[in-house]
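Visitor: Below is one structure. I have some questions about it.
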Amino acid sequence: MVKEMRSDLNPFSLLKHNNVIIKFAASALLVGLAFRLLISDSFRFYSVVETSVPANEETKPESLMASMPAEEPAPNDFEANKSRTSQSGKCDLFTGEWVPDPSGPVYTNQSCFQIEGHQNCMKNGRPDSGYLYWRWSPRGCSLPRFKPKKFLHLMRNKSWAFIGDSISRNHVQSLLCILSQFEVKDILPLHITTVNTCTLKLGQGSALDSAGSFRNLVPLAIIARLLVIYVQQEEHAVETYHDEEYRSKIWHFPTHNFTLSVIWTPFLIRADIFEDMNGVSSSEIQLHLDELDKKWTDQYRSFDYAIIAGGKWFLKTAIYHENNVVTGCHYCPGKNLTELGFDYAYRKALQLVFNFITSSGHNTLAFLRTTTPDHFENGEWFSGGTCNRKVPFKEDGVNMTDVDTIMRNIELEEFAKAAALGPEKRVVLKLLDTTRLSLLRPDGHPGPYRQFQPFAGDKKAKVQNDCLHWCLPGPIDSWNDLVMEMIVNGGIYQ
């Protein structure tokens, strides 16, 4: 790598006017990359959220928070982040409210490269930014920000899996984005002494200790960007696997030997699905209610932690099979089959999941994440439904739909049964009850900005909205604050 850089870019030519002798291979790497950057496109180091708003389109703040500029993320370990519980020592992390947070998100769509296009709301042209400036505040205790450095320390030589549908993929991307900030800010301490020139003093034990100090070598911005690239090359999460449709993936953090996976299994049980990537079906889904999906069960015993979730896919038309016999269906008019309902299948699936976990003989710390509510108004995703709200609901300002209530009740009931068996089976189960707090965030979805510049050609264009998944950065980032707190201080919460 170093030899290639010397041969192709001849970095020593950059140093003639400064009479600096490069003594170490790392020095050659730094200067060579700096030269490359000097002739590349312009860039900004750790810039604010990239927005892509059509020309002549005005951005009007819808709330006090919306008028705030996107600020550089606040440190993760300031005093206000330290956990404080109520006098009783117990609190419910999932009951509370969303409060204004002037510090904004801990990452941006320029500092994280894991954001899928459909969730990259700011790049896609979403004009408002107020939804970025809220944090979840549990009643009776404070919720610390996620601490990437501490998390990766805890996860050394561990493996973690997110098991479920596309919301699980949305969730793991949020986690990857938060962890990416540790790579940039914590791996390589950098001290800058002047504006036009800089001195690099690398922290003891860092990867570039031997590089020493460089004065009057390259502009500050070049060095800053250079170090970010170097750190990301050396320390970033390496994608080691993806399936054909990029729905299931595996990443490895080599420095900590930490493996992170997302497994796409929308029903958790065996399902024959005849649907393309755009959600268009050519036939009814065939669900086998007595057989788990081997896609995740075959790997389960290799995981130290797992977050499992189901939900919305059970609302789709499906034919139900048990013991290789068709026993009924959900929403299958004209099929002359018994309508068993989505709740029947969902309960069966969760019972099967929990029975497997509690009898697996493996001590994975397993979370069940409860159903995620959508916020479609004036229709559904296929019939013109939209989500145009700009601020969170108050706690008493909205009620769950009947469907979400049924699903969450099933989840709570089946979780309670399985958790009661936990001590006997030596299995640890935790409930990640994100339903209610997510219900309060109608402003956090991509809406029409699931695609790039949906109104560039016609400001009145009718486009499909996404009112289920979450913008990144966005409200889903708080889910990781909750997970972190449940791992570190799980015993103090109800």
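Glycine too: its Cβ is placed from the backbone N, Cα and C atoms.
Taken from TrEMBL, the feature domain 'Trichome birefringence-like N-terminal' applies to 90-142. Annotation comment: TrEMBL describes 143-182, 235-486 as domain 'Trichome birefringence-like C-terminal'. Look at TrEMBL and you will find 57-82 tagged as region 'Disordered'. The annotation transmembrane segment is assigned in TrEMBL to 20-39.
Map these features onto the structure and tell me what's around them.
Guide: For the domain 'Trichome birefringence-like C-terminal' (143-182), residue counts in helix, strand and coil come to 24 helix, 6 strand, 10 coil, using DSSP.
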Visitor: If we skip the immediate neighbours and take only residues 6+ beyond the ends of the domain 'Trichome birefringence-like C-terminal' (143-182), which ones have a Cβ under 8 Å from one of its Cβ atoms?
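Guide: For the domain 'Trichome birefringence-like C-terminal' (143-182), the sequence-distant neighbours (Cβ-Cβ under 8 Å, at least 6 residues beyond its ends) are 73-74, 76-77, 81-83, 93, 106-107, 111-116, 119, 135-137, 232, 236-237, 247, 249, 251, 253, 255-266, 268, 296, 299-300, 302-313, 369, 372, 468-470, 472-474, 476-482, 484-485, 487-488.
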Visitor: So, by DSSP, how many helix, strand and coil residues make up the domain 'Trichome birefringence-like N-terminal' (90-142)?
Guide: 6 helix, 11 strand, 36 coil
